[in-house]
Amino acid sequence: MPIGYHAGRAIELTPSILSANFANLGADVQAADEVGCSWIQVDVMDGHFVPNLTFGPPVIQAIRPFFKGTLDVHLMVSNPDALLEAYAKAGANHITVHQEASVHLHRTIQRIHELGCTAGVALNPATPVSSLDDIIEDLDLVLIMSVNPGFGGQSFIERSLAKIAAVRSLLDQRHHEAVIQVDGGVKPSNIASVVQAGATNLIAGSAFYSSTITPHQAWDAFVAALA
Ligand code: DX5
């Protein structure tokens, strides 16, 4: 369920399992389901596109039974086309690829849809929103990276707010509805400005899975920050 509403749109909180307890992953995924999250994100990293290595399709298969909502796979990999089918078959509902890693992005988005998933494109901090001009009407989601991808616990890059607003403006100009997702350094302390800029789906890693608060307390903090 949403953590709130802004401009008539539901705002969703999407935990990133990169900050979860990998020794107890099923329980951490189930906790997100139980507190009310409609989405959960799996950060797939290949150690080449980003300097970290994470989850293969078997992990998606393993956590699938513990989450009823949208299982969002964020492919931070150099060759996303080679992996689309495996992650879709493992249980992904949504797949996001990086603009910077896609040679034939229009075809990649078509393929994600053919596999029965919704499709998103992620932009790294230095990649302009204008790079979406000729693909945005084919997208179900745009992901604005507000950190340089690879690790959780980084600080939010402030100029991401202008990029979020630029995506909102482009969608409005084209009369196209898509999720605007923001990922990296998202905390209860900054989501009011992130949502004000136009975001509708907030990725939280270290602000959701933390040794100092429970997922329920994290959920309540995000809800309170939008109230
Ligand atoms: C970073 C990942 C993010 C990360 C977010 O490369 O894509 O999803 O897990 O973690 P926080 O919310 O701690 O910045």
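Cβ coordinates are placed from backbone N, Cα and C, and glycine is handled just like the others.
Just one of His74, His94 is listed by TrEMBL for the same substrate site as Ser16, Gly150, Phe151, Gly152, Gly153, Asp183, Gly184, Gly185, Gly205, Ser206, and that one is His74. The annotation in TrEMBL ties His74, Asp183 to divalent metal cation, and of the candidates under consideration, Asp33, Asp43, Asp46, Asp220, the one tied to the same site is Asp43. Closest in space to Asp43 (divalent metal cation binding site), of the binding-site residues given as Ser16, Gly152, Asp183, Gly185, Ser206, is Ser16, taking the CA atom of each residue.
Within the same chain, residues at least six positions away from Ser16 (substrate binding site) with a Cβ under 8 Å of its Cβ are Gln41, Asp43, Gly152, Asp183, Ile203, Ala204, Gly205, Phe208, Tyr209. All protein chains shown were included, and the count of other CB atoms within 10 Å of the CB of Ser206 (substrate binding site) stands at 18. Close to the recorded divalent metal cation site, the chain also has Ser16, Leu18, Gln41, Val42, Asp72, Met76, Thr96, Ala122, Leu143, Pro149, Ile203: residues not among Asp43, His74, Asp183 whose Cβ is within 8 Å of the site's Cβ mean position. Between the listed binding-site residues, namely Gly150, Gly152, Gly185, the fewest other CB atoms within 10 angstroms of a CB are found at Gly150. Across the structure, Gly185 (substrate binding site) and His74 (divalent metal cation binding site) place their CA atoms 16 angstrom apart.
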